[in-house]
Amino acid sequence: MFAFEQPVQKTFDYVLVADKLDDVMDRKYQKQDEFLKELKKKKISIKVSFLTRIEHDGKLFYGLRAPNDIFEDYQYLLKVSDSCNWCHDEKGLTQCVSFSEKLDDLMMEDVFETMFCLHEVTYLSSCFCEECLFITCFSCRCYFGEKVALYYLWLGWYTKLLVPASVLGIVVFLYALAFFNTSPLIDEVCNSNITMCPPCEKRCDIWNLSDTCSYAKVSHLFDNEGTVAFAMFMAIWATLFLELWKRHRAKYVSKWKVFDWCDEEEEMIMKIVNDPDCQLKEFTHSYKRSALVLILVTVMLMVIIGITHFLVVVRVIAAPLMSESKWEFMSEHSKTLAVLLGAVVHYVTIQIMTKVRLTVVVTVVCLFSSEKPNSFAARERSFTIKMFTFQFFTLFSSLFYIAFFLGRINGHPGNYVRLAGYRLEECHPSGCLTDLFIQMAVIMLLKQTINNILEFSVPWVKGFVRKKTAKRLKRNCGRCYRKACRDNRKDIEPCDTCKIRNWLRNYHLGNTDAFSLFNEFLEMVIQFSFTTIFVAAFPLAPLLALINNILEIRLDAIKMVRLERRLIPRKTNDIGVWTKILEAVGVMAVIANGLVIGISSDFIPRLVYRYHYGPCANGSTSSHCMQGYINDTLSIAYMRQGRQDEFVLPRERNLFNVTQCSYRDYRDAEDYSLTPKFWLVLAMRFAFVILFEHVVVLCKFVAAWFVPHSATSVKNKRMKDKLERLKDELK
C-alpha cells in the first residue's frame, strides 16, 4: 500500500519490472500472469511496453494506473474518519493504490524485479531549482509528500539552531587559546624534570614528563573551565531545540491540514479501499516473543562490546610497538599516534559494521515477524529503534570506554591489569580528555567527509556507467516527431517510444523503498548524538556539524531528484519515533556530560587543589593558585634497574639498584594504598555530577514548560478552520 500525489492522465502510478519469460509452463510466468489478472479485477489499467532495442536486457515494463473510483472512495473515507477528516486539501489530494502484500513476496521470489514511482520531469525541474535546494522552501511536499518535507523541515531547523551552538563553541575554544601561553599547568609540564614510569612492560622505558609538552598544551584547549559552562549550555540547547522544533512543526502541519493525521487510520482506509472484504489485523502480544527479541538484541550488543575490546587491544599493542620505531617522530609521539590509530581503526570498524547492516536487517526483519506488528507504522517504529540502538552502540562503545574507563581500571605498579596479556594504558598526567577529543574529531571528520563523498558519488558513477543505454534510447526517441510527446498537455498519452525512454531513465536510477528516508534520519540523529553527548570534550563539534549540514541539505536534494527513483509521497504529521529518540539522546547528553566533567576531566581535582591543597589554600600570594598541581597528582614508585616490569616496595629499595619514577594516581608510596586525597576528590566528583545533573534537568524542565508546543496563532487558526468546516457540513 502506497500513498502519493494525484497523477495526471498522461502518467502512470507505478512501473512494474519483470524478466521476460517465454515458457508458459514456467512457475514464475504463471505467478506473473496470476498477479496481473488480480490487478485487472481491481480495474487497474495495465500498459505493457517493450522495444526490440532493449530486448537484450530481457525485461518487461508494466505501466500501472489506478481507476478514479479508488481515489474517490479514499477521499470519502478520509472525510468520515476520526483523525484524518481535517485533511481536505483540494490542490494536493493524497491517493493510495495497493498492489497486495503478495507483491513483496513475489519480488523476493524473483517473479518481479522491482516496482517504482515515476519522476515527473516537467514539475521536477522547477521544484528542484526553486525549492529543494533551500532550507526554508517546502512546497515541493506536493511532489515528495509531507514525510520528505518534514525531513527537510527538521534538518533545516536543526541546522539553523546549530549556529548559536557553533558560535559559543568557537568562543570557548578561543578562551582556551587566550590563556594558552600563561597557564601554570602547561609550564609545569614543559619545564618539568620528573621521570615517569614506563607506559608499558618490556618494550618501554622511563621517560621525562617534559617530553609531552605538546600533549599538555592540547589538553588545556579542551579541558578548562569554559567547557563546563558550554556543556551546560548544550544540554539546555538540546531541550530548546526539541521544544522549538515541535512548535515549528505545528505551524507547518497545521498549514498542510495534517495536524491530527493518524498513520494507522490512513493505512486502514487504504486497505478498505483496495479490498472491501479485508480483515482487521488485531494487536497481539507475547512475552515469549518479547523475550526472544530481547535475547537477540542483547547478543548483538555483546558482539559490539567484543569489538570494543578489540579496539582497546589495538591501542594497547600499538603504543609499545611505535615506541620502538626507528623513526624519531613516531617513537617520541607513540601514545598520541596510538590514539589516532585507534580512532581510525574504530572508523573502519564502523564502516564494516555498516556494510554488514544488510545481514542485520534480515535479522531485524525476523524480529519483526516474531513481534507481529499490526501496521506498517508500528513496523517502522520497531525497525527504527532496533537499528538506531545497533548503530549507536557501534559508534559510541569505544568513546564510552575512553571517557569513563581509560586510566581508571589499569591498576598500579606491581599489580597492573592486563587484557590479552597486555597492560592497559594509562592517562597522561594532563588528563584523559584529549584522548576522547582525538577519537571524536577523527570519527566525525572521517565519517562526515567520506560518507558525503560516497553517498553522492556512488549513485552518480552508477548512472554514468549506464550512459550508453541512455544515449541510444535518446537517439531512438529523437525519431518521434509527434507534437503531443513534446508539449506539456496532460490529457494526451505519449507514444511507446517516448514512454519507455522515461521509464528506463527512472529504472536506471538508484533504488528507493519505504525505509530510504530512514538512512537520512539515522545519519543526522547520530550526528546530533555526537554534537551533544560528549560535547564537553569537543566544543567544536557543533561547528563541524553545521558545515556538514549545509552541504548535506544540497546533496540530499540532488540525490533525491536526480540520482534516485522517486520516493512514494506519503502524508504524515511528525517525524515519528525519531522525536522520542532525540529526547532520549538529550537526557543521555545531560548524564554523559556530567560524568565527563566530573569523572573524566581534571576540573574537580583542580578545584580541590586550588581551595584545599594549593598555595592559595595556605594563604600564599607569591605564586599562582595552581602552582604544583601536576606534581600533586603524581605518585612515586621504585623500579629495578633494567627490569621495567618489576617494581619493589620502598622498604625493599635498599636490596636492589632501583630507579624512582612517577605515575598518575593518588597512592601511598609505601604500600600503593589509596590516599585520603583520592577519596576526597572522588567524593567531590560524585557530588558535582549529582549537582550538575539536577541543575541541568531542572533547567530542561523549565525550558520545556516555557516553550508551548503550538503557537497561539496556530491553535486559533485550527479552531477557526474546524468551525468553518462544521458550518459547511450543515449547508
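Cβ coordinates come from backbone N, Cα and C, glycine included.
According to TrEMBL, the protein carries these features:
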| type | residues | note |
| --- | --- | --- |
| DOMAIN | 141-720 | domain 'Anoctamin transmembrane' |
| TRANSMEM | 161-180 | transmembrane segment |
| TRANSMEM | 227-245 | transmembrane segment |
| TRANSMEM | 291-318 | transmembrane segment |
| TRANSMEM | 338-368 | transmembrane segment |
| TRANSMEM | 388-409 | transmembrane segment |
| TRANSMEM | 525-551 | transmembrane segment |
| TRANSMEM | 575-599 | transmembrane segment |
| TRANSMEM | 678-707 | transmembrane segment |
Contact ranking winner - 227-245, 291-318, 388-409, 575-599, 678-707 against the transmembrane segment (525-551), Cβ under 8 Å: 575-599
Residue numbers, six or more beyond the limits of the transmembrane segment (678-707), whose CB comes under 8 Å of its CB atoms: 232, 235-236, 239-240, 243-244, 247, 586, 590-591, 593-595, 597-599, 603-605, 607-608, 612, 665-667
Leading stretch by Cβ pairs under 8 Å, where the reference is the transmembrane segment (575-599) and the options are 161-180, 227-245, 291-318: 227-245
Beyond the flanks of the transmembrane segment (161-180) by 6 or more, those residues with Cβ under 8 Å of it: 186, 217, 220-222, 224, 226-227, 229-230, 233-234, 237, 240-241, 244, 531, 535, 539-543, 545-546, 549
